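**Q** Here it is, the structure, as structure tokens.
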There are 2 protein chains.
Amino acid sequence: MSVTAARGFRAGSATAGLKPSGRPDVALVVNDGPRDAVAAVFTRNRARAHPVLWSEQVVRSGSARALAVNAGNANCYTGPDGFLVTHRTAEHVAAVLSSLSPGGPEVGGGDVVVCSTGIIGVPLDGGLLLGGLDAAAASLSPDDAASEAAARAIMTTDTRPKAAVHRDPSGWTVGGIAKGAGMLAPALATMLVHLTTDADLDAAALDRALRAATRVTFDRLDSDGCMSTNDTVSLMASGASGVVPDEAAFTAALTDLCRDLGRQLLSDAEGAEHDVAIRVAGAASEDEAVEVGRAVARSALVKTAVFGRDPNWGRILAAVGTTGAAFDPLEVDVAVNGVLVCRAGGPGEDRDRVDLSGRDVEIVVDLHAGASDATVWTNDLTHAYVHENSAYTT
Amino acid sequence: MSVTAARGFRAGSATAGLKPSGRPDVALVVNDGPRDAVAAVFTRNRARAHPVLWSEQVVRSGSARALAVNAGNANCYTGPDGFLVTHRTAEHVAAVLSSLSPGGPEVGGGDVVVCSTGIIGVPLDGGLLLGGLDAAAASLSPDDAASEAAARAIMTTDTRPKAAVHRDPSGWTVGGIAKGAGMLAPALATMLVHLTTDADLDAAALDRALRAATRVTFDRLDSDGCMSTNDTVSLMASGASGVVPDEAAFTAALTDLCRDLGRQLLSDAEGAEHDVAIRVAGAASEDEAVEVGRAVARSALVKTAVFGRDPNWGRILAAVGTTGAAFDPLEVDVAVNGVLVCRAGGPGEDRDRVDLSGRDVEIVVDLHAGASDATVWTNDLTHAYVHENSAYTT
């Protein structure tokens, strides 16, 4: 399933010793072709980790044969040595893959996407990492179990692996794995997500589909407003199905898949007790709808109110007011889980009618300023979030 | 002391019944002249409460005779009736003051600044408020005790009153009271602060001094990133000292006073255990220094790390990277409480040397991109913050 569901892909994983827990912490995904097309989107944080700087260059060529991921260390702010570790990782994986397939195509370091996740500012032990990758290469397999193990190896504070797959009736498949349980924020890829497809698509088509899909899914997740230095969403195509999909159909399926993975990330976000969908309707533009949704998603007062099961719509409107979006405070409506608690900028239905006992919360803000809408997803702010992020260095 | 320290001012307070606790909740400050100059800065939240909308108009004229404040209800998002309550409040206070001084100058509603703080979206009971103001007017006094009682009456979740005074050797005095223990955020006045002076200054001079002072003090407090709908910093001048101060000296004293009150607010912020000063040096401009400081101040991951006494500088740099400020990630330095934990974008001195056991924390980020600097103040994110903002509707 998931990252090996598409034909032409194998996954492997192993324990390099980078996680204090001693759990598996490296994963490899290999594209056996015939195609080696790749696309990716990266964090928009200007402090980008070494593997992001490296992988941006790899993806620019439009082709990649393999993806090497480690958890336990982000290899970010680790100085020039950190970049050398990333470079050596790519060269090492290329050499190992070449040696495993003596008759196969030559693999160079420039064919290897590298991702790291974990603590920032601590040197990444290259010896441990390369040893782990050797073991991961030895375990490469197209089986479901290999995909499942890879999904576990890339976990950090995640409590469970995330995976999804779409098998298209027209003969192609797209699937993937994801990790990320905090530091989810928009304007970037927001996590590590590795997608594979056997559809026969070139890098340009992959790039278009991936950007369209992430724009309305991962880019609109905002768990805690914090933007990571390492986030990467990659999509590799083997072409092994031999099917050239309709691009719109492929993009739609990819978008659904990304939304599914995004929801899995949200529902496992650090310490969260509620998953909150903030739908902004009646906006003058989609951008303004997203701006308003994000402002509400980032309000510590809204997030603590949701944790306390308090439909405190005043805090929602206070957040809306911090944006530049067009709206008249005397016209805006707010509904929480279906109850119109604020009508035309004043008290509406009885807030005691709102039931916030379940995990899912829907906040609808109608600005009455236009015809555009957008949804942003976030979590509540809980004691467990504070505990997890204060008691541990991550 | 404080709001009645300057000659020409009286304060009064009473219990109107607006606070569930039954504590005093209304305050009056009256300027007996000879001058009636006023200036104020207000929240930049676009969802402004009715008293803000009213008081903006009052201040535009440059003159005011009185200030009426209530806690317990923000009178925000309360519909057209809410504005009528504010309007009635001003007219009522004007009538009461006129009746108390039959021979004195006529006071109109347009001479009364009105401020409210408390819950949003719940109708404010005008009857209770006006009754409380009658009682407050009956208690008007220039005594220290009256000022202290007024400082207590404007408190919401504050645990202690805030006050400060500066007596200038040249013969004039400026002092004030403040409240605000959460929802402190920049780009606005961030709280209720009421300042009085007996210096002989006109409204234009007051306005210049107040804007200069708040720009580098209250505007750079960011407790929880949440911008209130009601924040107001007012400054009234009676001219009763007869002294025309040097404007630069007055501005400097006012700035120090505002910084003092700002620190008092920070040290009483909801649930906080640390007061964090983030000094950004080596920025290309002051605006960029503020932008960087604010990004660090708003990072939930930085704030929880400080709570956990963890000098996690990677999280600080991840926050810096979200800004548009000029900097090279490979040149930036970070010091926490005097220990240079990050040097030139890589690990520096041992982070275990950092002592975060005290209340005060200083983070210095040197961007090495210019000669400008600025300091932004914030608090840590604690269990108590989450508790206070989830367990209670405020």
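From the backbone N, Cα and C atoms, a Cβ is placed for every residue, glycine too.
Since we're looking at a predicted model, the values are computed, not measured.
Here's the feature list from TrEMBL:
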BINDING   A:Thr156, A:Lys179, A:Thr190, A:Glu270, A:Asn389, A:Thr394  substrate binding site
ACT_SITE  A:Thr190  active site, nucleophile
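Explain the structural surroundings of these features, please.
**A** For A:Thr156 (substrate binding site), other Cβ atoms within 10 Å of its Cβ number 20.
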**Q** Listing the binding-site residues A:Thr156, A:Lys179, A:Glu270, which lie under 8 Å (Cβ to Cβ) from chain B?
**A** none
**Q** In sequence order, what residues of the same chain, 6+ apart, have a Cβ less than 8 Å from the Cβ of A:Lys179 (substrate binding site)?
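**A** In sequence order, the residues whose Cβ lies under 8 Å from that of A:Lys179 (substrate binding site) (at least 6 apart) are A:Ala71, A:Thr117, A:Ala151, A:Ile154, A:Met155, A:Thr156, A:Asp158, A:Pro161, A:Lys162, A:Met191, A:Leu192, A:Leu265.
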**Q** Would you mind pulling the DSSP three-state label for A:Asn389 (substrate binding site)?
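**A** Looking at the DSSP assignment, A:Asn389 (substrate binding site) belongs to a helix.
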**Q** Let's check the environment of A:Asn389 (substrate binding site): how many other CB atoms sit within 10 Å of its CB?
**A** 29
**Q** How many neighbouring Cβ atoms, not counting its own, are there within 10 Å of the Cβ of A:Glu270 (substrate binding site)?
**A** 27
**Q** According to DSSP, which of helix, strand or coil covers A:Glu270 (substrate binding site)?
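**A** For A:Glu270 (substrate binding site) - judged by DSSP and reduced to three states - the answer is coil.
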